[in-house]
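Record features, source TrEMBL:
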{"type": "DOMAIN", "residues": "115-216", "note": "domain 'Late embryogenesis abundant protein LEA-2 subgroup'"}
{"type": "REGION", "residues": "1-39", "note": "region 'Disordered'"}
{"type": "TRANSMEM", "residues": "55-80", "note": "transmembrane segment"}
Amino acid sequence: MSSNGKPTPQPPAAAGNGAGGPPKMYQRPIYRPQQGPAKRRRGGRSCPFSCCCCFFWTVLVILLLAFIAAVVGGAFYLLYRPHRPAFTLSVARVTKLSVSSSATAPAVTDAIDVTLTAKNPNKKLVYFYDDFAVTAATAANAVPLGEGSVPGFAHEAGNITVIKATVSASALAIDPTASSDIKKSGEFPITVDLETKAGVKVGGLKTKKIGIQVHCEGIKVAAPAPPPPAKKKKLAKAAAAVDDAPAPPAPAATVARVCQVRIRVKIWKWTF
């Protein structure tokens, strides 16, 4: 008790103390670092692994598709033995030819008849062609000599088809430095090209058409012979009629040149 007779207050007991038990000491909480960054680091390490897995499966699928395509292509080849069509240029004849005498801007007017033979050597494949675009040019400097066209057709298995076309030009400007390629007398070499799109039919199945070019070279043609001179004893009118008559065509040249068939689009290793 205090000197004034009042009781002295006792200090409060520690919280949580049991009766008669020892006082409990205060403990600071243990610091535990957050696990988020560690997890993010582990997630970052797994990203390259996922990319490797995707790359591996992509390569595997591509190889599998290539293997299936090779098996199907090999089976198709063994079953049908496909061969590309064969073209042979048999006749070429110049029916009209004139070159202007201009030294700076020469022009050519001509007409060339060509005959080709197309053969389908396959026994089960049918080719079907779009319209052909036919062009001719000199062999030395590729001076254009005109163009023509041939209707498309279906080329049955084992069939031989004769193709006739006329390549012509009217006042077609040519390079003055190469105009000497076109000779008004004697022979000069030319090339003939046919371009089209062709597809293959096997039974009821048709493939997509692809571009092809038939290139024929080593062809020599000659200009038509000049018209015969008028006789002096004929009347002037008859002489004029003779002078205006067209020149007789040059004799047909039987060349029998085997042409090259070039594929414009190549799909894997298949060429038809």
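From the backbone N, Cα and C atoms, a Cβ is placed for every residue, glycine too.
Not measured: the values here are computed from a predicted model.
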Tally of residues which DSSP labels helix, strand or coil - the domain 'Late embryogenesis abundant protein LEA-2 subgroup' (115-216): 6 helix, 64 strand, 32 coil
Mean per-residue pLDDT computed across the domain 'Late embryogenesis abundant protein LEA-2 subgroup' (115-216): 92
